[in-house]
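S.K.: Annotation comment: TrEMBL describes 14-258 as domain 'Nucleoside phosphorylase'. Under the heading phosphate binding site, TrEMBL lists Ser21, Arg61, His62, Thr201. The feature site 'Important for substrate specificity' is assigned by TrEMBL to Ser182, His237. What TrEMBL records for Met200, Asp224, Leu225, Asp226 is substrate binding site.
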Amino acid sequence: MANGHDGAAAATADIGVIGGSGFYSFLDDVTEIQVSTPYGDPSDSLFLGEIAGRKVAFLPRHGRGHHLPPHRINYRANLWALRSVGVRQVLGPCAVGGLRAEYGPGTLLVPDQLVDRTKSRAQTYFDGVPLPDGSVPNVVHTTFADPYCPEGRRTALKAARARDWAAVDGGTMVVVEGPRFSTRAESRWHAAAGWSVVGMTGHPEAVLARELRLCYTSLSLVTDLDAGAEAGEGVSHAEVLKVFGENVARLRDVLFDAVAALPATAERDCLCTRAHEGWDLGIELP
Ligand SMILES: [Zn+2]
């Protein structure tokens, strides 16, 4: 095994998908379980199902009915809950704005870099606050130069292309606090910096996954051109929902194919498993 925490006997899933009900509502057998964590409750129940023999836990990021705005999502609880049921690899589909004219609505981008412009979110487990079992997380500085799993990225891109979706390989996602969309000036600034897409939920999801040694891959669906990249009145929520709705079926197909093709959890040997080499965490990961 790649590390001592993998392959928990009580595992009920080994792959996690953080996304809405559109992704699991067509599965035959779905079991709903409630999981609580030392950080509070996740966004919703976990929905357990099986795809091509792989056990998958789905978690609606915004909760059922989409009641949680991006800045109020309990990202720490979400990732902890997934790991506690055995998940070691996570796919994170999300809606983003395109910062370049060529990344129009319907573009799928699998980013390889991330810029954090969020402001108010807990983004570490290693904050010195004791857990309910009395253990205290040490100060730990997690390696995050490459925020996404290289194996997961490769798998997602291959799955998209096999379904004739010319997914963009790499690019930088800038994550903003929201819930408002960007001003035109912010959007032009993001584009001028060379960043590719803008989202509101990709962080701290990615870093918390890394802190738990989970493989994390973002599948970013462009639902609109961001304010600085288009000439109209700016992004509207109606437009985002419309484009996401139009693409949810093929995004689900790509996700399911990627789930089936991900490496066996016990054979993971990517950088994600080595995020804390040399550190004493002070706590047991779930
Ligand atoms: Zn990985």
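Including glycine, each Cβ sits where the backbone N, Cα and C put it.
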S.K.: Please state whether DSSP places Ser21 (phosphate binding site) in a helix, a strand or coil.
M.R.: helix
S.K.: What is the interatomic distance between the Cα atoms of Ser21 (phosphate binding site) and Asp224 (substrate binding site), given in whole Å?
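M.R.: Computed Cα spacing between Ser21 (phosphate binding site) and Asp224 (substrate binding site) is 22 Å.
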S.K.: In whole Å, how far does the CA atom of Arg61 (phosphate binding site) lie from that of Met200 (substrate binding site)?
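M.R.: Distance (Cα to Cα, whole Å): 12 Å.
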S.K.: According to DSSP, does Asp224 (substrate binding site) sit in a helix, a strand, or coil?
M.R.: strand
S.K.: What is the nearest of the recorded positions His62, Asp224, Leu225, Asp226, His237 to Ser182 (site 'Important for substrate specificity'), using the Cα of each?
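M.R.: Going through His62, Asp224, Leu225, Asp226, His237 one by one, the Cα closest to that of Ser182 (site 'Important for substrate specificity') is Asp226.
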S.K.: In three-state terms from DSSP, label His237 (site 'Important for substrate specificity') for me.
M.R.: helix
S.K.: Using a 10 Å cut-off, grab the number of neighbouring Cβ atoms around the Cβ of His237 (site 'Important for substrate specificity'), all chains included.
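M.R.: Neighbour count, Cβ to Cβ under the 10 Å cut-off: 11.
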S.K.: For a quick check of packing: other C-beta atoms within 10 Å of the C-beta of Met200 (substrate binding site), how many?
M.R.: 22
S.K.: List nothing but the one residue from Ser21, Ser182, Thr201 whose Cβ has the fewest other Cβ atoms within 10 Å; the candidates are the recorded positions.
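M.R.: It is Ser21 that, of the recorded positions Ser21, Ser182, Thr201, has the fewest other Cβ atoms within 10 Å.
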S.K.: Which number gives the other C-beta atoms within 10 angstroms of the C-beta of Leu225 (substrate binding site), all protein chains shown included?
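M.R.: So the number of other Cβ atoms within 10 Å of Leu225 (substrate binding site) is 24.
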